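K.L.:
The structure that follows is given in the form of structure tokens.
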Amino acid sequence: MTSTTSTNGPVPALGPTGRAVLAALPGVAACAGVLALAAARWDALPDPVAIHFGGDSADGFASRTTGVLVMAGICALAAVVFAAVARRCPAARSMYATAFAVPALLACAFVMTLLANADVADAHDAELPNWQILFPVGAALAGAAVGALLAPASAAGGEASGAVGGDAPLSVGLRAEETAVWSRSAAPAWIKGVFTALIAAGAAGLLFDVEELAWVGLPIGVIGLVMSLLRASAGPKGFALGLPLLPFPRVSVPLADIRQARVRLVRPVRDLGGWGYRSMGGRRGLAFHSGEGLCLELTGDREFLIVVEDAESAAGLLNDLVARSAEGER
């Protein structure tokens, strides 16, 4: 397979640590900026401080220490999440754009909040006009542009979504009298950790009355964690994706619908239109990150994709079962 290198921007291809550092830099810088400003204006900040504004005036408050730590903690959490994603897989340019845009938006919003509190005797007197939301939005757009520009080149073998291995169907050598079942978690442990962290952040938002954090962290965290707990299995009945011990949610692909199973490089955005469980045209599947995955070629020119560990064993087992079923029908 021929090796090619894409040139996403001025930054050369990076290893896992380099990708993680690049993706984490904006969040770390945002965290440091918030802490530096808070330290410089500490005596000018009231206690408590206003942390939420509605109708130009303050309507949410927290102690000075708690407010600053929550702001810095959210920025630090963004750094950890994006570093984990970038370290695990060569991410697309859109991921780096997001990794720069989100901290830029957060930093701008938090800096404006701190400045609105500075030099007021009572946090209830702090004001932040609604039109000033344009500043964080502008910062996010600028951050996205910088992130897209700095996205490192990615070295990839062959076609971006090509098959792994030769043309011969994979096999585990299943004999006629044997039966077997394959099962793996549909998501690696680090994905579960990311969604757990989002749930924790959402819970902190409830605890410290930061509604925006709760509204974002809890729904995304809970839905993502449930999806990450799904298990993929292959056996005589075909392929299935579901939660252990629960009848739903569940996705089943009958053995009769499978023409061939193979292993290929799966990239969520390009192949499925995004992360998580997706359906796009005649293709559907589950992917939390780019990587080697199981590809089921189905009847009716359909495909099912899933990024999962030990995809080669699953493909070999399903191919053996499909061949056995075809021989039995003769």
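Here the Cβ of each residue, glycine as well, is placed from N, Cα and C on the backbone.
Curation plays no part in TrEMBL annotations; they are all automatic predictions.
As annotated in TrEMBL:
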DOMAIN    31-74  domain 'DUF1648'
TRANSMEM  20-42  transmembrane segment
TRANSMEM  62-85  transmembrane segment
TRANSMEM  97-118  transmembrane segment
TRANSMEM  130-151  transmembrane segment
TRANSMEM  189-207  transmembrane segment
TRANSMEM  213-230  transmembrane segment
K.L.:
Would you list the DSSP helix, strand and coil counts for the residues of the domain 'DUF1648' (31-74)?
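P.N.:
Split into helix, strand and coil, the domain 'DUF1648' (31-74) gives 24 helix, 12 strand, 8 coil.
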K.L.:
Checking distant contacts: for the transmembrane segment (189-207), what same-chain residues at least six beyond its ends satisfy Cβ-Cβ under 8 A?
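P.N.:
Sequence-distant neighbours of the transmembrane segment (189-207): 70, 73-74, 77, 80-81, 84-85, 88, 213-222, 224-225, 228-229, 288-289.
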K.L.:
Would you report the average pLDDT that the model assigns to the domain 'DUF1648' (31-74)?
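P.N.:
That region's mean pLDDT is 86.
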